[in-house]
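Quick look at what Swiss-Prot annotates:
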- HIS98, GLU100, HIS167, ASP186: Fe cation 1 binding site (BINDING)
- ASP102, ASP186, HIS243: Fe cation 2 binding site (BINDING)
- 276-415: domain 'Flavodoxin-like' (DOMAIN)
- 48-228: region 'Zinc metallo-hydrolase' (REGION)
Amino acid sequence: MSVPPFTIRPAAPRLDGPTGPVAVAPGVHWVGALDPGLRNFDVILKTANGTTYNAYAVRGSEGVAVIDTVKAEFAGDFFARLEAVARYDEIRLIVLNHLEPDHTGAVPELLRRAPQAQVRLSPRGLPMLRALLKDDFERYDIKGVTTGQSVSLGDRDLQFFTTPFVHWPDTQCTWLAAERVLFTCDLFGSHYCDGRLFNDLVGDFRFSFEYYFDRIMRPFRSFVAQALDLIEPLDFGIIAPAHGPILRSHPRDYLTHTRRLISSRLAAETGSEKTLLIFYVSAYGATAQLAQAIHDGAAESPDVRVSLFDLEGGEITPFLDLIEEADGIALGTPTINGDAVRTIWEMLAALVDIETRGKLGAAFGSYGWSGEAVRLVETRLQGLKMRLPEPGLRVKLHPSAAELEEGRAFGRRLADHLTGRAAPREVDFAEIAAR
């Protein structure tokens with residue numbers, strides 16, 4: 001199948017990801033796709049870090065099951081990863097936990113390549129699959145399944161749990177007891193793209209997890225509560241959602257977290273790690289390059305959790321809880337008409353509603369003529385009682401290789417200030433004004 005190439009917007013940071021499948025558990029592989037450039041999902045939801053379309057292959061002694069697929073534009077990535085772990089004639093089962101297009105874009109072609117496969121989904125999903133396949137629907141072994149039913153792969157079974165309206169009528173979960181993996185599709189998902197895939201390896205995605213819940217699951221919270229009741233007795237060790245990080249570290253915490261989100265927000269903790277959030281807006285990609293370099297430098301510290309956000313793709317309000325809990329923030333902006341861009345000022349204005357006193361602050365950006373934006377942002381950060389241990393970093397036009405290294409060094413210094421490895425220092429108003 002011919003799939004058009006996908007090009008990331010120049011202003012978006014490119015997150016390196018796996019080129020092949022990724023082992024999730026014995027006999028279980030991630031075969032999905034990364035979409036780091038996505039900035040708006042389903043019209044209603046901004047995606048500052050893009051998203052992932054998680055699909056999985058499960059191997060048993062008598063065949064392979066494929067659980068969900070990907071958005072059509074990324075079918076090529078999906079098939080390449082799937083072919084690395086299975087032949088098409090080995091595919092015995094295709095499980096569709098949810099029929100939304102971002103999970104079924106490769107289904108027609110997958111069935112063409114593996115026509116012998118059984119297709120199992122919730123009964124409410126049958127009309128939607130018929131609409132997707134049109135006249136081809138009758139060609140395949142397609143059946144609805146309900147809670148408690150299962151399909152054997154020989155030495156392991158996949159059991160189904162009907163969880164309607166989480167967030168479509170057709171949604172279900174699939175349980176692999178042999179490896180304690182629960183495939184939940186949109187439940188426990190988040191629009192957060194990070195090529196490291198697992199929740200114990202990626203950046204801080206709490207904001208995305210909660211924002212996703214607020215925008216997608218909250219209108220169906222009574223159904224979410226019923227779904228949690230249904231799956232809570234399972235002894236799962238991994239939650240494998242269809243979007244965002246795979247939850248292999250303390251997965252039950254996310255169930256508890258979701259219960260709390262049904263009625264109230266959860267103030268999560270990051271343990272002994274320090275957290276640095278980097279927000280930026282980029283006109284021609286130069287500030288984005290600088291932001292990525294600062295991120296990479298700071299991320300070299302094992303004691304600092306660093307997250308990078310493109311504010312062009314996100315609303316500001318969902319970030320406020322995250323900023324309030326963070327130890328430091330760095331803001332990047334180009335200089336346009338002698339000023340920082342509007343989105344950065346909107347974020348700075350929103351910070352008056354949260355506690356910022358004593359947090360580490362920093363500013364950076366590219367410019368063409370005068371370069372006042374960094375200085376103006378620094379002044380406002382000081383007005384918010386944040387501490388600025390490093391003078392802001394400015395680059396004229398696009399950064400050179402040497403200037404990108406300066407960005408990485410800037411990030412390393414910010415991390416050192418957060419962890420106490422650097423001597424305390426405070427940039428004062430006179431130093432800012434002098435620039």
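Even glycines carry a Cβ here, placed using N, Cα and C.
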Can you list, in sequence order, the residues of the same chain other than ASP102, ASP186, HIS243 whose CB lies within 8 Å of the CB centroid of the Fe cation 2 site?
THR51, TYR53, ASN54, HIS98, GLU100, HIS103, CYS185, GLY189, HIS191, PRO241, ALA242
Let me know how many other Cβ atoms fall within 10 Å of the Cβ of HIS243 (Fe cation 2 binding site).
25
Which number gives the other C-beta atoms within 10 angstroms of the C-beta of HIS98 (Fe cation 1 binding site), all protein chains shown included?
25
ASP186 (Fe cation 1 binding site), number of other Cβ atoms within 10 Å:
23
Using a 10 Å radius around each Cβ and all protein chains in view, which of these binding-site residues has the most neighbours: GLU100, ASP102?
ASP102
Calculate the distance in Å between the alpha carbons (Cα) of ASP102 (Fe cation 2 binding site) and HIS167 (Fe cation 1 binding site), and round it to a whole number.
14
Please work out the helix, strand and coil residue numbers for the domain 'Flavodoxin-like' (276-415) from the DSSP assignment.
63 helix, 32 strand, 45 coil
Spatial neighbours of HIS243 (Fe cation 2 binding site) among the binding-site residues HIS98, GLU100, HIS167, ASP186, defined as Cα within 10 A: which are they?
ASP186
Averaged over the whole of the domain 'Flavodoxin-like' (276-415), what is the pLDDT?
93
